[in-house]
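S.K.: Taken from TrEMBL, the feature domain 'IMP dehydrogenase/GMP reductase' covers 10-340. Annotated NADP(+) binding site per TrEMBL: 26-27, Lys78, 129-131, 180-181, Met269, 285-286, 314-317, in sequence order. Per TrEMBL, K(+) binding site is recorded for Gly181, Gly183, Cys186, Arg189. Annotation source TrEMBL lists active site, thioimidate intermediate at Cys186. Under the heading active site, proton donor/acceptor, TrEMBL lists Thr188. The feature GMP binding site is assigned by TrEMBL to Asp219, Gly220, Gly221, Gly242, Gly243, Gly268, Met269, Ser270, Arg286, Ala287, Ser288, Glu289, Gly290.
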Amino acid sequence: MPRVDADLKLDFKDVLLRPKRSSLRSRSEVDLQRTFTFRNSKQTYNGIPVIAANMDTTGTFEMARVFSKHTLFTALHKHYSLEEWKKFAADFPECLEHVAASSGSGQADLEKLCRILEAVPLIKYICLDVANGYSEHFVEFVKTVRGKFPNHTIMAGNVVTGEMVEELILSGADIIKVGIGPGSVCTTRIKTGVGYPQLSAVIECADSAHGLKGHIISDGGCCCPGDIAKAFGAGADFVMLGGMLAGHDQSAGEVIEKNGKKVKLFYGMSSDTAMKKYVGGVAEYRASEGRTVEVPYKGDVEDTIRDILGGLRSTCTYVGAAKLKELSRRTTFIRVTQQSSHMFG
Ligand code: 5GP
C-alpha cells in the first residue's frame, strides 16, 4: 500500500519570520560574513554565502567578477572550455577564491573537470550537479571525485531528504545541494510529480548535515530577498540563486527588444533551449524538465546585490541577530496565509 506522510511540509511562501527584541542600532552593524571549515576537504571558507547558480545564464565569468568583489560565490557552469578557464584564471586570479568548477556525472564531464583543475590549481571548489542525486551511480561518482581530489571542497546534489544528505557526506561531499523542483524555470514537479517543499527540505537536510559536520546549500525557489533570509533562518549554510540573478548585464545572452521592452532569455539547464544548445536536442527517452522565459532586462547586478544584502541585514536586525551566523538560532517561523498586500498588484 502506498504510504502517505501526513506531516505538514512548508515552502517559503507559507511562513514569515517572527520579529524579536534586539539591541542592534542599525543594519550597518550586521555581519554577513561566515567562516566554515569543511568536513572532508578540511578547507576553510570565508565570505557571504550566497551563490550564483551553475546555470549557463547565471554562473558566468562576468557574474564571478562582480560577485567576488563582495565575497559572494559563483558556481561557474560546466560549459566553459579549458581555454576559457585558463584565460579567466590568468586575467582575474583574485576571483578564483570564490568560484567552483561544475561537472555532471558523465565520463566526459569528469575528464574535462580534471583538465580544468589541473590547469587552474587555484580553483578550490567542485560543484557536482545532477538533477537526481538519489542514484547509486551518483554516490559512486562522488566517491571517485573525492578519491581524485582529496583537498578540494565538493558540493554535490540535488537531494531533499536527510538520509541522502548523510550518504553523500559520508561518500566524500562537503556541501550538499538541497532542492528538487522549487526552481523558477524548473518543471520537474509538473513533469514527474516529484518534489519536496523547499523550507521543510532545508530544515530537515540542515539537521542531518550539521549532525555530521557537513553543510548545505538551499538551491532554488528564492523569488525575493525575504526568501533568502528564510532559507538561512531554516538552517541553510549557503543559498543558491538562479532566477533572481537572471536578466542582468552579467547574465549570459543578448538583450532583446520585445514590444518596446528590453528582455533577456532565461532557461532551465534541462530545458529544450539548453539541450538544443549543448547536445543538439532533447533525447527521445526523456522530457525536458525546464522552461524558457523572457525576463525584463535589469541592468547591472550590483543593484540587485545591494538589494539582497540590504534585505538580509535588515532581517537580522528584525530578529536580533548581529551576525548571519546567529540568524537560524534567532528564527521562529510563523505559518501564514498571506505574505503581503495585493492591493497594488
Ligand atoms: P531559482 O533560483 O531560479 O529558483 O532556482 C535555481 C535552481 O534551479 C538551479 O540552481 C538548479 O538547481 C535548478 N534548475 C536549473 N535549471 C533547471 C531545469 O532545467 N530543471 C530543473 N528541474 N531544475 C533546474
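Glycine too: its Cβ is placed from the backbone N, Cα and C atoms.
Predicted automatically and left uncurated, TrEMBL annotations should be read as such.
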S.K.: What number of additional C-beta atoms lies within 10 angstroms of the C-beta atom of Ile180 (NADP(+) binding site)?
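M.R.: Other Cβ atoms found within 10 Å: 26.
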S.K.: Among the binding-site residues Lys78, Arg189, which residue has the largest number of other Cβ atoms within 10 Å of its own Cβ?
M.R.: Lys78
S.K.: Looking only at C-alpha atoms, tell me how far Val130 (NADP(+) binding site) is from Gly181 (K(+) binding site), rounded to the nearest Å.
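M.R.: Val130 (NADP(+) binding site) and Gly181 (K(+) binding site) have their Cα atoms 13 Å apart.
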S.K.: Near ligand 1, which of the binding-site residues show up if the criterion is a Cβ under 6 Å from one of its atoms? Options: Arg189, Gly243, Thr317.
M.R.: Gly243
S.K.: Validating a neighbour-count step here. Other CB atoms within 10 A of the CB of Ser26 (NADP(+) binding site): how many?
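M.R.: Around Ser26 (NADP(+) binding site), other Cβ atoms within 10 Å: 9.
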S.K.: Which number gives the other C-beta atoms within 10 angstroms of the C-beta of Ser288 (GMP binding site), all protein chains shown included?
M.R.: 20
S.K.: Please report the three-state DSSP label of Val130 (NADP(+) binding site).
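M.R.: The residue in question, Val130 (NADP(+) binding site), is coil (DSSP, three-state).
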S.K.: What is the interatomic distance between the Cα atoms of Met269 (NADP(+) binding site) and Gly290 (GMP binding site), given in whole Å?
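M.R.: Computed Cα spacing between Met269 (NADP(+) binding site) and Gly290 (GMP binding site) is 7 Å.
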